[in-house]
Amino acid sequence: MSQQGYVATPPYSQAQPGMGGYPAGFGSSPAQPLYGHYGGQPQSFPAPPTGLMKPVSSPSGMPPSEVSSQYGSNIQQNGAHPQRYPAPPAAAAASPYGQPPNSTYHTMAPQAPAQQLTNQMGSMNLGYGPGPMQNPQAPPTSPPAQQPFQTAPPPTMGQSTLGPPPAGPHSPQMAPPQSPLAGPSMGGHPSMGGHPPMGGMGRPFPGPPPPGSGGFQQPGPGAAGQPGYPQQPQGQFGGQMAGPFQGGAAHMSGPPQKKLDPDSIPSTTQVTEDDQAKRGGQVYTTNLRGQVPPLVTTDFTVQDQGNASPRFMRCTTYSFPCTADLAKQCQVPLGAIIKPFATVPKNETPLYVVNHGETGPIRCNRCKAYMCPYMQFIDGGRRYQCGFCNCVNEVPTFYFQHLDHMGRRVDLYERPELSLGSYEFEATLDYCKSRPAFSASIRGEPSQTVTAETKQRPVLCPSSTFLTNGGQSDVTVLTAPRSKQANNKPASPPAYIFMIDVSYANIKSGLVRLVCEELKTLLDNLPREDGAESSTVKVGFVTYNKILHFYNVKSALAQPQMMVVSDTAEMFVPLLDGFLVNFQESRAVINNLLDQIPDMFADTNESETVFAPVIQAGVEALKTAECSGKLFIFHSSIPTAEAPGKLKNRDDKKLINTEKEKTLFQPQKGVYEQLSKDCVSQGCSVDLFLFPSQYVDLATMGDVPTHTGGSIFKYSNFQVEMDGEHFLSDLRKDVEKAIGFDAIMRVRTSTGFRATNFFGAIHMNNTTDVEMAAVDCDKAVTVEFKHDDKLSEETGALMQCALLYTTVSGQRRLRIHNLSLNCSAQLSELYKSCETDALINFFAKSAYRAMLNQPLKTVREILVNQTAHMLACYRKNCSSPSAASQLILPDAMKVFPVYLNSLMKTGPLVGSAELSTDDRAHQRLIATAMGVEDTQLLLYPRLIPLHNMDVASDVVPAPVRCSEERLTDAGMFLLENGRSLFLWLGQACPPELVQRVFNVPSFTHLPADLSSLPVLDNPQSKKLRSIIDSLLDQRPSAMKLLIVKQKDRSEMLFRQHLVEDKGPHGGASYMDFLCYVHCEIRQVLT
Ligand SMILES: [Zn+2]
C-alpha cells in the first residue's frame, strides 16, 4: 500500500522528473516508450536520508536466544558448519558473489523448450504462417512442423516463435488488412489502434454487429447460446469487444475457417510441467549470482549457500541492465517480491539466529548494511569493504579472524552471516525502542546522502562517523516525541484481541455462537516460539454493536466482568488489569465468558454497528499494555451508527466504465487514515472477518487491514451450515500462522540502483522504511528498483532486505535476506533471466494500485502497451531477423501474455456492473499483499481432470489448460486458484463415477445446492477427497468447495476462471489477446 493511501500519487500524464521519468502522456500516447509502472513516487529523495535501526554504544545485555540451530546460542560456539555447508568448488568459492554469471544458467534457456514449442507449433496448421489451406491469402508453404520456425532465429536465446497469428475460430471477427505492413491474418488488428480487445477499452467501431456473439465463443461443450449460458450482454462489453473485429466479419466470412489447434499457442501448463520435469525434486543451491530459480510451481529443495531462498525473494529478472537507458528501452520492470516470513519446508534448514551479545549486529558504518557474504575482508582480516557502498570498515576486535590463502575468513562456514543468504540477528535493546530508533534512522541514516560518485570509490569511514552520524546524535533523536518505549525496555509478547460484532445479523446467523465455541479450543494453538511449551501471546475479548463491551477475564475471578463504553467518540479502555491475559491461566474464566456471550445477546434487536471505534479500542488496549498485537474483528454490516468512521452506501454501478469508477475503490479518508497510522505506530495489525448481506464499503473498511499487514476475509450471506467450516478453517489458519510484529523493513542495494517503490499491506512514512504492524508467512512486499547510476557487470547488483520485528514471544530480532543479481549490458541476458511469475505479480500490484488514480481503461492500456514494448524490444534487440508476421517471444516470457490477459479480466480491472463492488474491492486489496505463488495461481488456476484418475497411485492428475475446450461432457474437473475451489461435472459424467463420489445414481439426481462431498468408502471418493484436502492444506486461505453442474446457472462463477477463454464479464480470449499483442508489437517496431 505504501503511501498511496495517504499521499496522492502524481497523475500518469505528469512527467516524472529524474530517473526513469514518465514521458508525457502516459496512457494517452501508447506508442511512446513507457518506463516504470503506475503511480510512481516522485523520483527525487526529498526526505532526509534514512536507515533501519542504528545501534548506539553500550547497550545492556540481551537474554540468550532460543536457538534453533546447531550454531549454539552465540556464534563463538558453533563449529559444525563446514559439514553442512561444504565450501563450493574453488573457482566458485574464490568469489562466489563477485563473478560474472556462471554458465550454469546459460543452459537454463535450453533448446529443449524451443523444440517443444516447435512441436506444438507444428500442429498449428491454420492461421499460423502462410499455411497451405487455412489462409486463402497466402501461398502454400512447407510442412507445418517447419514453417513457423524456418526463418526463426536459432534457439540460442530460448525464445518462442509464433507465426502470423491465428485465423482460427475467431477469424470472422478479425478485420481485413488495413495496413500494407500487416500480415495476412493480422491485418485487422492495427485498426484497433491502442485499444485492446477489452470491454470498455475499444472505441466505438462502426459497422454491423457480428453474428450474435457466437463468433467469439470458445468452441467446445457449453458454448454460448446454449441453454444455461447467459448471453453476453451487449451493453456491457459485447459491442465494444466486437468492435475492433467487426470490419473483418464480412471480409473473412468467405471460405470456411478450419478450427485452430489451441495447443499451438504457448501453454502455462506445459511450461509448468517442463520445469517440474527438469528441476523438480532437485536441490537448488543458491551459491551463484544471478541464478534463476525453478518456477514457483515446481517442487524443489533449497540449500542456502549465500543467497536468499527463492521462497523469501524472487525477482522479475536476475540480470539487471547496466544502464537506466537500457532499462527504459526494454521496459521490463526491475522488481523483487519479498516474503520475509515465508514458510520453510521441514526438509530445509530453518534460519539460524546469530547473537553478537551486547555489541549487536555488525553493520557497515556508512550504509548500515548488515554483515553478510558480500562484505570483503581485507588487510589481513582487520578491515572489510562493504559490498553495498564500498566503504572500508574496521573489523571489531571480537570479530577478528584470519584470512586463508584465498582471502577468505577461516571461519567463513561457521558463521551464518558470512556464508548464508538468510539468517537472523538477536537485536540489542537499542532496536527495541522501535519508534524512536525508527525516527533516528530517518534523521541519521547517512546512506542516501552519499552520492553515486563517492559511493563508487572505496572510502575509509572513520569510526567517528558511526558515533556522530553526520552531526546528528542518535541519543538526541532517540528521545524524540514519537517515542513510545523510550526506556530501553525489551519488547513485550504480543496480544490477540477478539472483537465480536453481536448485532442482530451475527446473532441470528449463528456466527457469534460459532466463533465463541471455536475460540475455546483454538486459543490452545496460539503461535509460539520454536520449541516453547506454550504461547506467550496474551488474549483479550470485546463485543460490540453500537457500544463496546470489554471483559475482565483475570484468572482470579470466578466470573468474567463486563464493562461498557458507550461513548464511542472518545474511545478508551475501561480496565487495565485483567483485559489481556494468558489463556492457559484464565482458561476457566474465558470459557465461561465464551459460553455466556451468545446467550447474553440472544434477544438483541440492535442492527446498527460501529467500526472505527472498535479498532481504536484495540489500539488503545495494546498501547496501555505496551505491546504489539493483532485484532480479530468479526463484523457483519456497514457501520451506520453515529460514531467516528460512520459510513454510508456509496455503491454506484453507474460509475462503472466512467472516469469516476476509481472512486468506488478509494477508501473514505479521515478517521480510517488516522487509524492506520495509529495502528502501525503501535504494531497493531487488524484482521477483518466480514459477514455482509449487502454492500459494506469494503474499500474503506478494508483500508486499515491493508495498511497494517492484516487480512480481509469475506463471507457473503453467511450461513453456518454452508459456510461455517470454510470460515473456521480460515480463522484457524489465521490464528495459528507464523507471524512477526511491529516490523520495519529496509531494502538496501549496492551502488547504482535503489528501491523506489513498494507494494504490500504496508505503511510508509518516508521513501525507504517499510512499516508493517505485522507480517505473516503469507504476506509479500513487492519492491521496484530504479537505476541512479551505471551498474557494473563485474560486481553485479546486490540487495539486502533487513526486517526488524518482534517475535511471538516478544524478542526483538533482525531477519536478513541477501540476494545477488547479475548485471549486463546485453538485453538478451535480461530477457533470458526473466521470471514471468514474478513479473505478473509486479504488474498485478502496480495495476491494482494505479486503478485508484486512473480510469480502468487507461490502466489496461498501460498494461498492454508495456507488454508490447517489452516484447518488441526483445524482438528488435535480441532475436535474429525474421518475418514481421511472426510473433517471437522470449522463452522466459512466452506465457506472459496469458497471465496479463487473465489479470485484465480479473474483477477489479474488468469493469462489469455484474460484479459486486465489494468483491472487486476485496480482490484488489488481498492481491496487494500476495506473493508470487499466490498471484501465479490466481491468474492461472489449476484445472485438474478427475474422470480418468488412477486411483491406485498417489499422483494428482496433470492439470490441463484453463479453457472450456478442455472440458468434456463426460468429465469431472477440479478447478482451484487459491481463492475458489470448484468441482465441475459434465452432463454425461458416467453414473458409476457420480455414484462413487456423490452417492447418487446419476448426474440428474445431484441436488442443485450441493456444497460438500459425502465421505464414502471407495477409491474414487477417497482419492478425490485426499486431493482436495491436500490442496486446502497448501493454500494460505481456506476455500469453499462449490460443486457445479454443467449448464447450471452457477457455472458462470466457474467459467470466470477459464482464463484462456473470453471472459464472461468482458475481456478477450487468450488467442485473441495474443493476436492483439502481436499487432501492438508490430506497431511499436514500425
Ligand atoms: Zn556500506
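One-based numbering along the chain as shown.
Each Cβ is built from the backbone N, Cα and C atoms, and glycine gets one as well.
Copied over from TrEMBL, here are the features:
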{"type": "COMPBIAS", "residues": "1-16", "note": "compositional bias 'Polar residues'"}
{"type": "COMPBIAS", "residues": "66-79", "note": "compositional bias 'Polar residues'"}
{"type": "COMPBIAS", "residues": "80-101", "note": "compositional bias 'Low complexity'"}
{"type": "COMPBIAS", "residues": "137-156", "note": "compositional bias 'Pro residues'"}
{"type": "COMPBIAS", "residues": "163-179", "note": "compositional bias 'Pro residues'"}
{"type": "COMPBIAS", "residues": "182-195", "note": "compositional bias 'Low complexity'"}
{"type": "COMPBIAS", "residues": "213-225", "note": "compositional bias 'Gly residues'"}
{"type": "COMPBIAS", "residues": "226-235", "note": "compositional bias 'Low complexity'"}
{"type": "DOMAIN", "residues": "361-399", "note": "domain 'Zinc finger Sec23/Sec24-type'"}
{"type": "DOMAIN", "residues": "492-735", "note": "domain 'Sec23/Sec24 trunk'"}
{"type": "DOMAIN", "residues": "740-824", "note": "domain 'Sec23/Sec24 beta-sandwich'"}
{"type": "DOMAIN", "residues": "836-935", "note": "domain 'Sec23/Sec24 helical'"}
{"type": "DOMAIN", "residues": "955-1028", "note": "domain 'Gelsolin-like'"}
{"type": "REGION", "residues": "1-108", "note": "region 'Disordered'"}
{"type": "REGION", "residues": "121-290", "note": "region 'Disordered'"}
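Between the domain 'Sec23/Sec24 helical' (836-935) and the domain 'Sec23/Sec24 trunk' (492-735), three or more CB pairs separated by 6 or more residues in sequence fall under 8 Å, so the two stretches touch. DSSP places the residues of the domain 'Gelsolin-like' (955-1028) in helix, strand and coil in these numbers: 24 helix, 11 strand, 39 coil. Shown for the domain 'Zinc finger Sec23/Sec24-type' (361-399): DSSP residue counts in helix, strand and coil, namely 6 helix, 12 strand, 21 coil. Counted with DSSP, the domain 'Sec23/Sec24 helical' (836-935) comes out as 69 helix, 4 strand, 27 coil. In the domain 'Sec23/Sec24 beta-sandwich' (740-824), the DSSP tally of helix, strand and coil residues is 0 helix, 56 strand, 29 coil. Taken as a whole, the domain 'Sec23/Sec24 trunk' (492-735) shows an average pLDDT of 95 in this prediction.
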